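Novice: Supplied in structure tokens, the structure appears directly below.
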């Protein structure tokens with residue numbers, strides 16, 4: 001809402017572009033200290049409570065924004081964004097956990113991709129509607145405030161509806177485990193689970209650490225590009241705020257398609273490392289092409305290159321989640337995906353600040369080249385990951401299980417419904 005209209009909101013609130021960027025970066029800042037409590041809540045209290053908390057806080061933050069419809073109320077809109085940022089901490093860790101708890105081994109990657117799709121859909125709407133609802137009217141602040149109010153109240157109503165829908169339809173888990181790996185996990189007594197030990201195990205897992213850094217680089221770069229897209233477009237195409245939003249929409253919609261295709265491909269092939277590495281390389285190439293064609297003067301070229309970039313960069317998101325679950329099983333999916341998101345937020349903050357400074361002081365090309373250099377580092381780290389598909393091996397029946405870890409000293413036969 002804010003970043004794609006950065007010039008509009010900077011004028012409305014009378015603040016700098018950096019202060020508008022913080023309305024996006026507050027999401028990243030809030031995530032880092034809160035991810036461990038949020039993943040503990042997901043593990044200890046389950047999917048339903050976590051989803052309700054995230055949806056409820058998101059609705060509360062949306063209503064608080066409705067009180068910030070005056071030029072001097074930037075602090076209130078920042079506070080409202082902070083509430084929504086806390087909500088995001090509980091929401092972003094859900095996709096991989098929902099996929100594992102509710103779906104079988106031939107569906108889990110696709111299910112994760114579809115769940116991630118919801119986040120991308122919101123981003124797509126955020127690129128599309130705000131420039132249409134809030135055109136730049138610098139000479140009529142009252143009209144601008146009216147247009148912003150339509151956007152804010154509409155968002156609040158939708159967020160409240162989603163909160164009530166979550167309360168009505170969201171269930172904790174299916175009646176029967178959908179996979180052998182879930183059946184094994186569900187037979188473990190709750191007292192055998194240690195959240196602290198799970199965190200320690202993850203940080204001792206070298207392949208996961210490499211993925212943690214490479215995922216943070218790629219996703220942080222995507223956050224930075226999304227946040228600064230309006231500034232990049234308007235620098236070379238003055239007065240094209242609406243088309244900047246459409247380019248952002250193209251980037252995200254192409255990414256939604258990429259996510260689904262990558263999810264289907266993973267379910268079919270189980271080639272987690274190979275697919276992740278190929279998509280990483282293609283994202284690097286896509287950003288290079290986007291960088292060196294941005295200033296050609298043809299918006300249609302930016303639409304095409306932005307779409308290609310979004311297809312691979314956003315398509316990477318579910319790949320990282322599912323790859324992490326595979327190489328860290330039987331650790332909690334919520335914990336591994338939460339740490340991946342925390343890494344993404346940290347890199348996103350740094351990348352947005354540095355790229356924004358380079359874009360303002362030099363040019364959008366300088367900022368994008370900075371991201372290209374980091375993504376190249378991510379390619380090297382991804383290539384170093386040794387792939388050990390633990391969850392897949394359990395579901396395929398080719399891993400030796402520690403029977404004592406499953407159910408005390410007795411052997412348990414688990415019958416799965418067909």
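Each Cβ is built from the backbone N, Cα and C atoms, and glycine gets one as well.
Pulled these from TrEMBL:
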- 1-390: domain 'Major facilitator superfamily (MFS) profile' (DOMAIN)
- 22-42: transmembrane segment (TRANSMEM)
- 49-70: transmembrane segment (TRANSMEM)
- 76-96: transmembrane segment (TRANSMEM)
- 108-130: transmembrane segment (TRANSMEM)
- 150-170: transmembrane segment (TRANSMEM)
- 206-225: transmembrane segment (TRANSMEM)
- 245-265: transmembrane segment (TRANSMEM)
- 277-294: transmembrane segment (TRANSMEM)
- 300-325: transmembrane segment (TRANSMEM)
- 337-354: transmembrane segment (TRANSMEM)
- 366-385: transmembrane segment (TRANSMEM)
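Looking at the shown structure, can you explain where the listed features end up?
Specialist: Beyond its flanks by at least six residues, the transmembrane segment (49-70) meets 38, 41-42, 76-77, 79-91, 93-94, 145, 148-149, 152-153, 155-156, 159-160, 162-163, 166-167, 170, 334 of its own chain at Cβ-Cβ distances under 8 Å.
Packing against the transmembrane segment (76-96) from elsewhere in the chain are residues 2, 13, 22-23, 26-27, 29-31, 34-35, 38-39, 41-42, 47, 50-51, 53-58, 60-62, 64-65, 67-68, 112, 115-116, 119, 318, 321-322, 324-325, 333-334, 336-338, 341: each is 6 or more residues past its ends and has a CB under 8 Å from a CB in it.
Through the fold, the transmembrane segment (108-130) approaches residues 1, 4-5, 91-92, 94-96, 98-100, 102, 151, 179, 226, 245-249, 251-253, 255-256, 259-260, 262-264, 266-267, 314, 317-318, 321-322 of its own chain, all at least 6 residues removed from its boundaries and within a Cβ separation under 8 Å.
For the transmembrane segment (150-170), the list of distant contacts is 1, 47-48, 51-52, 55-56, 58-59, 61-63, 65-66, 68-69, 129-130, 133-134: same-chain residues at least six beyond its ends, Cβ to Cβ under 8 Å.
Using a Cβ-Cβ cut-off under 8 Å and counting only residues 6 or more beyond its ends in the same chain, the transmembrane segment (277-294) has close neighbours at 214, 218, 221, 225, 232, 236, 258, 262, 301-302, 305-306, 308-309, 311-313, 315-316, 319, 364-365, 368-369, 371-372, 375-376, 378-379, 382-383.
Sequence-distant neighbours of the transmembrane segment (300-325) (same chain, 6+ residues past either end, Cβ-Cβ under 8 Å): 95-96, 99-100, 108-109, 112-113, 116, 120, 208, 211, 215, 218-219, 221-222, 225, 233, 237, 246-248, 250-259, 261-263, 266, 272-273, 275-276, 279-280, 282-283, 286-287, 289-290, 293-294, 333, 336-337, 340, 391.
Counting only same-chain residues 6+ beyond the ends of the transmembrane segment (366-385), those with a CB under 8 A from a CB of the stretch are 207, 210-211, 213-214, 217-218, 221, 224-225, 228, 232, 273, 276-277, 280-281, 283-284, 287-288, 290-291, 294, 327, 347, 351, 354-356, 358-359.
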